[in-house]
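Quick look at what Swiss-Prot annotates:
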type	residues	note
COMPBIAS	1-10	compositional bias 'Pro residues'
COMPBIAS	29-44	compositional bias 'Low complexity'
REGION	1-64	region 'Disordered'
REGION	116-163	region 'LysM-type'
TRANSMEM	70-90	transmembrane segment
Amino acid sequence: MTPVRPPHTPDPLNLRGPLDGPRWRRAEPAQSRRPGRSRPGGAPLRYHRTGVGMSRTGHGSRPVPPATTVGLALLAAAITLWLGLVAQFGQMITGGSADGSADSTGRVPDRLAVVRVETGESLYDVAVRVAPNAPTRQVADRIRELNGLQTPALAVGQTLIAPVG
């Protein structure tokens, strides 16, 4: 049994409780405020319906004939082959360039000229402007090489030696 404290002794640790009445109760098994068990003790619950409606007609399973399986596999192979050919010929049409700006030769022009950088242009913009039918990345690399540029940053009005064509 736990001792009972006097009713008017202040408790500095718990100021939210009532000031009148006992602070300690006897150690008795406290009754739970939880509701009682709602399930039977020994047997699992049985669900009578799942809530999913199903038609009352017979649902016999028919095996898929091997001809259907082979036919679908051949159809999938034909579609895969067709997509591969489209990708291959599409790459041949664009010349294999990532940006699609390459001509049939895919070469950087040999002729050089002095060009001036315009407002808002990057190195790649200049490359597209001076050699629109050549691979942009290769033209930009050639401009960088000809002018000794370490970065692709350009200043407005800067003059560059560039391949044109």
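In case you wondered, yes, glycine gets a Cβ from its N, Cα and C as well.
Worth saying up front: this structure is predicted, and the values here are computed from it rather than measured.
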For a three-state summary based on DSSP, what are the helix, strand and coil counts in the region 'LysM-type' (116-163)? 20 helix, 6 strand, 22 coil
Averaged pLDDT score, the region 'LysM-type' (116-163): 91
